[in-house]
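Let me begin by presenting the structure, written as structure tokens, before commenting on it.
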Amino acid sequence: MAGIESVLQETRVFNPPESFVKQANIAGMDAYRALCAEAEHDYEGFWARLAHEHLLWHKPFSKVLDESNAPFYKWFEDGELNASYNCLERNLENGNADKVAIIFETDDGKVSRTTYRELHARVCRFANGLKALGIKKGDRVVIYMPMSVEGIVAMQACARIGATHSVVFGGFSAKSLQERIVDVGAVALITADEQMRGGKALPLKAIADEALAMEGTDAVKHVIVYRRTNGNVNWVEGRDRAMDEVEAGQPDTCEVTPVSAEHPLFILYTSGSTGKPKGVQHSTGGYLLWALLTMQWTFDLKPDDIFWCTADIGWVTGHSYIAYGPLAAGATQVVFEGVPTYPNAGRFWDMIQRHKVNTFYTAPTAIRSLIKAAEADEKVHPKQYDLSSLRLLGTVGEPINPEAWMWYHTNIGGGRCPIVDTFWQTETGGHMMTPLPGATPLVPGSCTLPLPGIMAAVVDETGHDVPNGQGGILVVKRPWPSMIRTIWGDPERFKKSYFPEELGGKLYLAGDGSIRDKDTGYFTIMGRIDDVLNVSGHRMGTMEIESALVANPIVAEAAVVGRPDDMTGEAICAFVVLKRSRPDGDEAKQIANELRNWVGKEIGPIAKPKDIRFGDNLPKTRSGKIMRRLLRSLAKGEDITQDTSTLENPAILDQLKETR
């Protein structure tokens, strides 16, 4: 791995606008370096100061970091606090009670607003209802819900009473839901009758019933149902209750349950893992601290900002930057039930215009699909909308290709909005590397530098640092407060997955390849380690080849995987979506040849894809991530045996098979 080659050079640099720097929470690189120096000089003192300043403690902590049982690190362990108190009471006490916390827009465009006072009352009523059912501190509650105020209420109510929640994305199958219910040992399930996406009703309660009919789910004594559509659903007497009935008659106040800073706030299962699902366990204190700090640092949050993260609460982004971070920071945020292409592909831009959104945070995949839509239909091009309220853009979920970055910067940000290209993971709890919008000069496609206190590095297979300009394995050298605590019920797997002995057992393995710029030290993520290609002895990250393909003016989106090849060891297989309709026959061969030559010119002959297939789109999860493991199977000509329950567009698999 030490020899991953970087073959794509990016020379464009965009400095933060002076007007942005003047009012930034971290203004200029000197301010960033001062925070980094504070952390370098006194690591525990740095984190202790931030935890004292930014969190409300019921019992102050006396010990900052306990490394005695590494890698099972503990932060602020003897301190006690409550996450819901830090998100809700904090705002009632500091003058935000009548500030709008959530602007919620349904799939079909209905808008409602919930103030902090109203949200607090709803969370308290539901928390009281949970307690009345006998749910208590330490119990695990699975939440299988649509994007909704009710989903956030359910999470906050669990936190309020010390119950650990495990949110399962509403696109998962009954089997996936059952596996998670069993693994986490849930005593209750909170779901909805149906969820609305793109004008279609999807039967959540029916899927939940199917999951609960499978073995191992007997511990679930209560099923609470949010009536989203009032659809006709099966009802089990004594087990099933409507959410509004659980709240009915309960008082608007609910004493919080203080918990240790190390108490598990939630367990979130990582998507795409093979075999037994991997439950990532997060703490309360360290996790909440970082969710709040990154709202202020990365998103430069201001009191009057309208913040919009387009993620789903079923993923970590929806935990940190919808359910917890914005509320702890006292923000007003947009929460959206639907999809970016319904009723048309101008939905996001229309919502930014109507709600006067200031900060917009979305996935590169969404951006790429909306680029294609804008090229195909002038009516949904962002230039048709007033996006002047925007001051900051962000990307999350995967690296963004430089050309998609440029389109986002020009067409959505009007050339004036910094872009925070955030690198982080379910396991890290919050941002790890990202530009700071009022400080960091931006380079398209680079997540730039680690946040203060994050000791990231690039190493070889033995755990030794590699020089800037040479690719290697991305690691973090010191524990940080919001990191994963363990894999639920499987500490050995946790150690092997994240602190492998091959790297000395002390370095956190991110699982990504990375390279640092020779001059600036900026990090670029080169894709997952298992996405590294080895063609005739040359090791290349898939990200660079994808970026080269997307730089071609006819290409909307591309994903690159490897497949075994007798001659070169591994051959490059590219799946490409054009900005126009999908070609076939001789035309497909001709365009494939043009794209091969294009990549050869952009990178070099060694990077030319052997196999190029064209699709109307790519297989993606509903959160917008490309399902590369499915593409690897398609490239090899294998039957698809993996779980495809989160796949947004299953028909695409047959299309991509046929284009071989």
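Using the three backbone atoms N, Cα and C, a Cβ is placed for every residue, glycine included.
Because the structure is a prediction, the values reported are computed rather than measured.
According to Swiss-Prot, the features are:
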type: BINDING; residues: Arg197, Gly198, Gly199, Lys200, Thr317, Ser536; note: CoA binding site
type: BINDING; residues: Gly397, Glu398, Pro399, Asp421, Thr422, Phe423, Trp424, Gln425, Thr426, Asp512, Arg528, Arg539; note: ATP binding site
type: BINDING; residues: Val550, Val555; note: Mg(2+) binding site
type: MOD_RES; residues: Lys625; note: N6-acetyllysine
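When the Cα of Ser536 (CoA binding site) is compared against those of the recorded positions Gly397, Thr422, Arg528, Val555, Lys625, the shortest separation belongs to Arg528. Around Arg528 (ATP binding site), the C-beta neighbours below 8 angstroms that are at least 6 residues distant in the chain are Gly511, Asp512, Gly513, Arg628. Ranking the binding-site residues Gly198, Gly199, Gly397, Pro399 by how many other Cβ atoms lie within 10 angstroms of each Cβ puts Gly199 at the bottom.
Within 10 Å (C-alpha to C-alpha) of Gly397 (ATP binding site) lie the following recorded positions from Gly198, Thr317, Val555, Lys625: Thr317, Lys625. You'll find the Cα of Thr422 (ATP binding site) roughly 24 Å from the Cα of Val555 (Mg(2+) binding site). DSSP assigns Val555 (Mg(2+) binding site) to a strand. Within 10 Å of the C-beta atom of Trp424 (ATP binding site) sit 25 other C-beta atoms, taking all shown protein chains into account. Among the recorded positions Pro399, Trp424, Thr426, Val550, Val555, Lys625, not one has a Cα within 10 Å of the Cα of Lys200 (CoA binding site). Set side by side, the recorded positions Lys200, Lys625 differ in how many other CB atoms lie within 10 angstroms of their CB, and the most is found at Lys625. DSSP classifies the residue listed as 'N6-acetyllysine' as coil under the three-state reduction.
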